[in-house]
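Copied over from TrEMBL, here are the features:
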- 26-48: transmembrane segment (TRANSMEM)
- 41-290: domain 'G-protein coupled receptors family 1 profile' (DOMAIN)
- 60-79: transmembrane segment (TRANSMEM)
- 91-120: transmembrane segment (TRANSMEM)
- 140-158: transmembrane segment (TRANSMEM)
- 204-226: transmembrane segment (TRANSMEM)
- 238-260: transmembrane segment (TRANSMEM)
- 272-292: transmembrane segment (TRANSMEM)
Amino acid sequence: MRPENQSSVSEFLLLGLPIRPEQQGVFFALFLGVYLTTVLGNLLILLLIRLDPRLHTPMYFFLSHLALTDISFSSVTLPKMLMNMQTRCQAITYAGCISQVYCFIFFGCLDSFLLAVMAYDRYVAVCHPLHYTAIMRDELCVILVAGCWLAACAQALLHTLLVDQLTFCAGTVIPHFFCDLAVVLKSSCSDTSLNELLILTEGGLIFTLPLSGILGSYIRMAAVILKVPSFTRIFKALSTCGSHLFVVFLYYGTIAGVYYFPSSGNSKVKDIVASLMYMVVTPMLNPFIYSLRNKDMKHALQKIFRTMGTADYR
């Protein structure tokens, strides 16, 4: 294949999921159900937080942004993947591919930053309960969320601009179901050493700093709880923090598997499965982890149902 610059390449070919043609219908229904569950579940979180004044607290302010991020993160790739499975057309335009790269990095980083901010919020609530209101002021909450959005935007813009400078061959095939940054770099005909160095260094900091903050917050919370051992406190902490940590390890573990311990040889099934875990499964689980097991959210949902039932009765 002859190399062409980015302005000459009009489209790429996405190979999609490694499944047989006769299984396309089953997987289409499965992923459509997962996507609808993700969108509706996170929209329910946004609705409940918006309508119930008791949920106008820092924790739910951060949760509302996480829900919006999860909807957007899933929407970056799943609709295109579903459309390709339905139409059997695997082409994606160059502009569409670059847009996927940007949005994937942006919402992925934003998800990571928000998880770290939420861990800090819980740390303050558990370790400094008497000063929680004074520390987690509305101004600080807005600054933290704005910082997350700006940092994610800068990270995504940096990588996307560097990708846009690369040269691609005519008829480039991307062995994935979306334009993943690592796969796009391997599909380029030009030198990508700078891009790869940036992923390992600056990208490594973006990966390790939020994760270290999350783990540090939970370790500190565990130390505070264990100072005054109580079966009720320990059980409540495990039921809440355990599910949160499960999502954190699932999210960060699969990202590490894709970018820092990639598959060797021609087999990319492991990378595709790992990408599905952090791009599809984690956003779907978050409504269940952060809401359905949350007493305040359950009360807010019951309140809406009672209001609807009263309105129907009248």
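For all residues, glycine too, the Cβ spot is worked out from N, Cα and C.
Curation plays no part in TrEMBL annotations; they are all automatic predictions.
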For the transmembrane segment (238-260), distant same-chain residues with Cβ under 8 A (at least six beyond the ends): 108, 111-112, 115, 119, 122, 180, 182, 199-200, 203-204, 207, 211, 214, 218, 221-222, 270-271, 274-275, 277-278, 281-282, 285-286, 289-290, 293
Intrachain residues whose Cβ lies under 8 Å of the transmembrane segment (26-48), provided they are six or more past its termini: 17, 19, 55, 63-64, 67-68, 70-71, 74-75, 78-79, 81-82, 85-86, 280-281, 283-284, 286-288, 290-291, 297, 300-301, 304
Highest-contact recorded stretch vs the transmembrane segment (140-158), from 60-79, 204-226, 272-292, CB pairs under 8 Å: 60-79
Spatial neighbours of the transmembrane segment (60-79) far in sequence, C-beta under 8 Å, 6+ residues away: 31, 34-35, 38-39, 42-43, 45-46, 49-50, 100, 103-104, 107-108, 110-111, 114-115, 117-118, 121, 141, 144-145, 148, 177-178, 279-280, 282-284, 286-287, 290-291, 296
